[in-house]
Amino acid sequence: MGRGIGSKRRVEDDDGENMPGRKKKEEEEEEEDDDGEEEYEVDVVRDRIGSSRGSRLALFGSDLRLGRFRPRRRRVAPVDGDDGIFQDFVIDPDNKWYRLWTRFILVWAVYSSFFTPLEFGFFRGLPRNLFFLDIAGQIAFLIDIVLRFFVAYRDPDTYRMVHNPTSIALRYCKSSFIFDLLGCFPWDAIYKACGSKEEVRYLLWIRLTRAMKVTEFFRSMEKDIRINYLFTRIVKLIVVELYCTHTAACIFYYLATTLPESMEGYTWIGSLQLGDYSYSHFREIDLTKRYMTSLYFAIVTMATVGYGDIHAVNVREMIFIMIYVSFDMILGAYLIGNMTALIVKGSRTERFRDKMKEVIRYMNRNKLGKDIREQIKGHLRLQYESSYTEASVLQDIPVSIRAKISQTLYKPYIESIPLFKGCSAEFIQQIVIRLQEEFFLPGEVILEQGSAVDQLYFVCHGALEGVGIGEDGQEETILMLEPESSFGEIAVLCNIPQPFTVRVCELCRLLRLDKQSFTNILEIFFVDGRRILSNLSESSEYGSRIKQLESDITFHIGKQEAELTLRVNNAAFYGDMHQLKSLIRAGADPKNTDYDGRSPLHLAACKGFEDVVQFLLHEGVDIDLSDKFGNTPLLEAVKQGHDRVATLLFSKGAKLSLENAGSHLCTAVARGDTDFVRRALAYGGDPNARDYDHRAPLHIAAAEGLYLMAKLLVDAGASVFATDRWGTTPLDEGRRCGSRTMVQLLEAAKSGELSRYPERGEEVRDKMHPRRCSVFPHHPWDGGERRREGVVVWIPHTIEGLVSSAQEKLGLAGSGEGLRLLGEDGARVLDVDMVHDGQKLYLVVGGGGDDGGTEARQ
């Protein structure tokens, strides 16, 4: 594993600018009891971008390779040791020498904060010894100003350490540089040089901005869980009270010095008489006694004891005391409120400290590693400082209102995600109300390569990097994830291991969606699910890497289509009109078929749901679609006996489309299924369809003696002259059956058919008793020498056919033009109906005769 976080740091806010920490030695031993347990500092997680490279994901190096990329490198400033003082002339805030300097400046800040009101009230021109001390302090602050132009800081938005000198300088100039610089001016010398103008002395108060360093010190002590929180808070409150009274005492004395010596009696201290001691000519009294008297006046006034021994004399003093007492009421409320919070342990900081202690006990007990310790503490500190868990206050608000809040906060982000391009507003709304907001620090791994993923993430702010393992076993950066990006969707949608690691580069605000919730939404919004998979396959964000997953994506698209088709067919099968409409409204295509080629119309017709059939016809489902078994919706309705549905389909132009219709009808006749035969014939079935033996359904009915079936077939137009491959007609089958009624029915049908179609009698006769004739290739009057051997041929239906057949059998050459057939008397035969069975014919060319006829020659 690559280099992790270098050291632990104490949290400091530094005016919202940077948060320099304090590196402490980490305790590695587990404490035996709670009382003696080691308390750790709250740590600031370092800028860990580029850390944890190498072996963290080596176990998955053989899986899901995504190609080779050049890794992205980052420069990280040194953290510890003397070598880290300057890095490109930038000081790391965690350098131990710089931390010592900040403590040195803290001492001067305490001195300056207390001495500035004292100088303003009691001195008009510093004595020599205090003057040199003041100059030394200002020099120290000037050095600190110079150093702060080179101190790196942590960006509050990205949480990355900024080492750019220009950015550091601009940031400092925009913050406290002006006040720090003005505070270093020698205002005492300027006051004397300006002729002791009183207005100049007011500029001394600029130095009170240095009190912010003291405030930051107390704030860091409150967060340092090694120090008792109650003690820290009490010390802070005492210091606040003393500083307020100290400043008020200096102002009280200053008000008295603004009047000339001749009017000292009109001041609170000049008119003061304590016992036998008079404060007339108070400027000549010892400095300590004057300060203590002023401090006593300030404290008694703040406590509103009102002994009356010291009181205001002139109007200015009265006005200041009124302002001071009003301020004291606010200060008193602040002090009492803080003490109450200490007693009931209700402050946010104390809750954070308690939570941190519990976490540290857990980490010590389970002996967690250094890297995971840093991440846990960093997250706790982030929760405390950013207050991003404040959304928990909404838990008591109704779900509907929380949903509206989520839409207001997160909907713009989700709508801009490329993964959801083209999705419906209803789908986006369902996604938004199920989002959870999370923050991650730089360097943290959110998803690891090869792991099972059950969360989908969307980037609101910050930056992340996708890292894969190359063929050489080293980490390689695959892609950068910026705002409006998403990750985890490949593993979630394709149900495969995470193809690459996702690591935080900058402080990130992410929106998290649970896989189960996402799957549930996709089951309802089918079209949006297909759109998401399509967007994923077309995404350029992953470049060529997505090509390796195209088969998975295609498989899941097909799987989703098949599942959706089954759900539509299932709704049609059970006649669930509401569910069917909901599915189609959500984007399901009713024209799709299942694994057997069946559409919803097949199943609805099979079950006899007329309303479903009407709805599907309105949706444009193919009315004549055949499944893998050759069944159409109309045939399904006919088979199941749903006359109303069959009538509806037939009226819309549906066809029965019976494959091997003869076999179907013959089988139905054989089993006596009169209803099926009647419906099949009523909706377009052919009563004369033949099976593999050329038998018509009427053959089967006659052979089996099924009178009603035969009558049904005859009424539907079945021909009694149909012959099978053995030349048998239904009438022959009826005679063999021995059923008198059957024979009578078929004889009557024969008579009726002959009356309508007379030619059929001849056709049957020809088929039943075929005629033949003898054909000779010479003239009937030729002598014995010219006679030739003839052939016997069947008489076809046309004279041309007879000539052609005889020519072929006799082996005569030529096209057959000019050939004539003559009878025994030499007369030309023009029609096959003139030829009787067994007649002799002669095939000649031209008219023929003794004087001019010519016989056909081979």
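Every residue gets a Cβ built from N, Cα and C, even glycine.
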Exercise. Kindly tell me whether the record in Swiss-Prot places Asn129 on the same side of the membrane as Glu261.
Key: yes
Self-check item: Swiss-Prot annotation (transmembrane segment) - matching range among 202-222, 601-621
Solution: 202-222
Quiz prompt | Contact call for the transmembrane segment (103-123) against the transmembrane segment (202-222), three or more Cβ pairs under 8 Å | solution = yes
Self-check item: Arithmetic mean of per-residue pLDDT over the topological domain 'Cytoplasmic' (223-236)
Solution: 79
Exercise. Over the span of the topological domain 'Cytoplasmic' (152-174), count residues by DSSP class, listing helix, strand and coil in order.
Key: 10 helix, 4 strand, 9 coil
Quiz item: What are the helix, strand and coil residue counts for the repeat 'ANK 5' (693-722) according to DSSP?
Solution: 17 helix, 0 strand, 13 coil
